[in-house]
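Here is the structure we will look at, set down as structure tokens.
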Amino acid sequence: MSVTVAGWVHEIRDLGGIAFLILRDRTGKIQIKFEKDELPDELVERALSVHRESVLSVTGEVFEEDRAPTGVEVVPSEIEVIAAADPELPLDPSGKVGADLSTRLDNRTLDLRRDEPRAIFEIRSEVLRAARETFRDLGSTEITTPKIVATGTEGGTELFPITYFGEEAFMNQSPQLFKQLLAASGLERVFEIGPIFRAEEHNTPRHLNEATSIDFESAFIDADEAMDVAETFVRSVYEAVQENCQDELETLGLADSFTVPEAGFPRITYEEAIQRANAAGVVDEQLTWGDDLPTEAEKALGEEMDQHYFITNWPASVKPFYIKDEDDDPEVSTGFDLNHPRMELVSGGQREHRYEELVEGFEAQGLDPAAFEYYTKMFKYGMPPHAGWGMGAERLLVTMLDLDNIREAVIFPRDRSRLSP
Ligand code: ATP
Ligand code: AMO
């Protein structure tokens, strides 16, 4: 049978009278055999003088050959060098020579010719596909909202300022206010998968300056129901990966260990969480009501819980203005987090939908309600109770695939010291 195959030169082994060239593309590798006596010198010379990672097109006959890596090989009759590669590569895509993460990120195109990083992004693609399917099954509508905005929502220090035709503007930290406005629109139940921008000062293995947020918001549900949705979401995305990404899991060495988290994620209150953290003795000073959970406390809790778990009823003082307080106790909020044992994945809650209480909340946080008038005024025209959450897509992947660093889950990450590629 005659075939034409095209791909990258993975390896050339020249044994004298015979040479093998391994050609690679995303479907696999194929051996091209050069018996030098039996082929035109010019063809052999042209093929074997290219450097690794050059792009070739090879036309020839296919033969069964047990000694070939895939059981077949091609004897070439025509070779076209489509794009030559330099002899020196900044990164070895065959993986024989290892490279640190920074070199890999500087040369992502070459890095993604390797099986393992490619498997991560094939899985990421499946996660986002399954995410959309799950949300649609839950009756929600996909939205996209502006990334250039006039106000921040998640704390002023983490905003990237930009100039918008001479006016101060910001890169959006979260679609929070837009998704709430849409829960009150005729759409009622919405989701968005899009970029968020946070001027986090430090380089950490779990923070990015541009991340992908998976946001959900629905009218007529409360915090408990929003948590039910978060659990269903996580489980169905894991199920999709288990079902559709066996080859990629195999490549990452996870085929045997990968499991779908069991239903019924435990829900512990913030109060219980700080008691447990105090009992574990991992924090220098005992935590008291109103403290944020430090990283060591989150870690100790994660080890103890050993599965996904919710922390509910955070103190109102540590949650943003849009989170509703419990009706019977204004100190306690309906805000929740969903944590993987390694890190926080989700924040969410029921929202304050009453106009007067919302505006009081702004003032309590030192924010000027006038700047948010485009948002608050809609609370005067029929704002239903609503709830929702936001999840970092990269944190979902890092925890699902047991990656060391969140940058492994983004093709071109933005961090404190990385603005290109
Ligand atoms: P989010 O900011 O989305 O809520 P998070 O995991 O950063 O997610 P935080 O509540 O901000 O949650 O912080 C949890 C812990 O992580 C805190 O102990 C905080 O000190 C630590 N932390 C947060 N941001 C950073 C950072 N940029 N660098 C180092 N540590 C951080
Ligand atoms: P929060 O600020 O907790 O909540 O963000 C929600 C989730 O987004 C992810 N995330 C990040 N991932 C990587 N790098 C970052 N710098 C980063 N910042 C956040 C985390 C986090 O749990 N508006 C609320 C959500 C809501 O209430 O609906 C919000 O943005 O996984």
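One-based numbering along the chain as shown.
Placed from the backbone N, Cα and C atoms, the Cβ positions cover glycine too.
Summarising the annotation, TrEMBL assigns site 'Important for tRNA non-discrimination' to Pro69. When secondary structure is read from DSSP and collapsed to three states, Pro69 (site 'Important for tRNA non-discrimination') falls in the coil class. Listed in sequence order, Ile22, Lys29, Gln31 are the same-chain residues six or more apart from Pro69 (site 'Important for tRNA non-discrimination') with CB atoms under 8 A from its CB.
Per-residue pLDDT, averaged along the domain 'Aminoacyl-transfer RNA synthetases class-II family profile' (121-421), amounts to 96 for this model. Per TrEMBL, domain 'Aminoacyl-transfer RNA synthetases class-II family profile' is recorded for 121-421.
Look at TrEMBL and you will find Glu154, Arg198, Ser347, Arg351 tagged as L-aspartate binding site. Applying an 8 A CB threshold to same-chain residues 6+ apart, the list for Arg198 (L-aspartate binding site) reads Glu154, Glu158, Phe160, Gln173, His207, Leu208, Asn209, Ala211. Under the three-state DSSP scheme, Arg198 (L-aspartate binding site) falls in the coil class.
The Cβ of Glu200 (ATP binding site) lies under 8 Å from the Cβ of Glu158, His207, Leu208, Asn209, Arg416, each of these being in the same chain and 6 or more residues away along the sequence. Taken from TrEMBL, the feature ATP binding site covers Arg198, Ala199, Glu200, Arg206, His207, Leu208, Glu344, Gly392, Ala393, Glu394, Arg395.
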TODO: Would you find the one among the binding-site residues His207, Arg351 whose Cβ has the most company, meaning other Cβ atoms within 10 Å?
DONE: Arg351
Task: Residues among the recorded positions Pro69, Arg198, Arg351, Ala393 that border ligand 2 - Cβ under 6 angstroms, in sequence order - done: Arg198
TODO: Restricting to the same chain and to sequence separations of six or more, state which residues have a Cβ under 8 Å from that of Glu344 (ATP binding site).
DONE: Glu298, Asp337, Leu338, Arg395
Open item on the list: Suppose we screen the binding-site residues Arg198, Glu200, His207, Glu344, Ala393 by Cβ distance to ligand 1 with a cut-off under 6 Å; which survive, in sequence order?
Closed with: Glu200, His207, Glu344
Open item on the list: Counting across all protein chains present, how many other Cβ atoms fall within 10 Å of the Cβ of Ala393 (ATP binding site)?
Closed with: 22
Task: Site with most surrounding Cβ atoms, counting all protein chains shown within 10 Å, from the binding-site residues Glu154, Ser347 - done: Ser347
Open item on the list: Can you tell me whether DSSP puts Arg351 (L-aspartate binding site) in helix, strand or coil?
Closed with: strand
